[in-house]
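Listed in Swiss-Prot:
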type	residues	note
MOD_RES	Val2	N-acetylvaline
DOMAIN	3-147	domain 'Globin'
MOD_RES	Thr13	phosphothreonine
MOD_RES	Ser45	phosphoserine
MOD_RES	Lys60	N6-acetyllysine
BINDING	His64, His93	heme b binding site
MOD_RES	Lys83	N6-acetyllysine
MOD_RES	Cys94	S-nitrosocysteine
MOD_RES	Lys145	N6-acetyllysine
Amino acid sequence: MVHLTGEEKAAVTGLWSKVNVDEVGGEALGRLLVVYPWTQRFFDSFGDLSTPDAVMNNPKVKAHGKKVLNSFSEGLKNLDNLKGTFAKLSELHCDKLHVDPENFKLLGNVLVCVLAHHFGKEFTPQVQAAYQKVVAGVANALAHKYH
């Protein structure tokens, strides 16, 4: 569960309504793979990830980034039940994919950077603080099934 004030919730949902999930999702996942290259090992089937340009223009990275942000959107609709919302994804990433749960935190922080880049002055420190709460809550929910 993420505890947001009414003002924080309005800031998060208001900004999110303007997010282009296709664009931001691909950019966020791409940046994760470039900035933290060890995360690429989970994406062997994505083809060429050999350079930053290859990563950022990879159609599979873009498609998966969109999928990730669509899941994040579901989380925003269920802030009071993030663990339930992400239970199956947590199980998948833990039991089948063996993703280090620290990567969820990294992706959340990269997403915040991408949002700041896209929204500039509209992404105020108050909006950032609210988003940091949300991405921390989502990362925690995704790590829930880990032993």
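Here the Cβ of each residue, glycine as well, is placed from N, Cα and C on the backbone.
Taking each of the modified residues Thr13, Ser45 in turn and counting other Cβ atoms within 10 Å of its Cβ gives the largest count for Thr13. Put simply, of the modified residues Val2, Lys60, Cys94, the one whose Cα is nearest the Cα of Ser45 (phosphoserine) is Lys60. In this structure the alpha carbons, written CA, of the residue listed as 'phosphothreonine' and Val2 (N-acetylvaline) are 14 Å apart.
The average pLDDT for the domain 'Globin' (3-147) in the predicted structure is 89. With respect to their backbone Cα atoms, Lys60 (N6-acetyllysine) and Val2 (N-acetylvaline) stand 31 Å from each other. In terms of C-alpha distance, the listed recorded positions Val2, His64, Cys94 place Val2 closest to Lys83 (N6-acetyllysine). Secondary structure by DSSP for the domain 'Globin' (3-147): 116 helix, 0 strand, 29 coil.
Note: the Cα of Val2 (N-acetylvaline) and the Cα of His64 (heme b binding site) are spaced 25 Å from each other.
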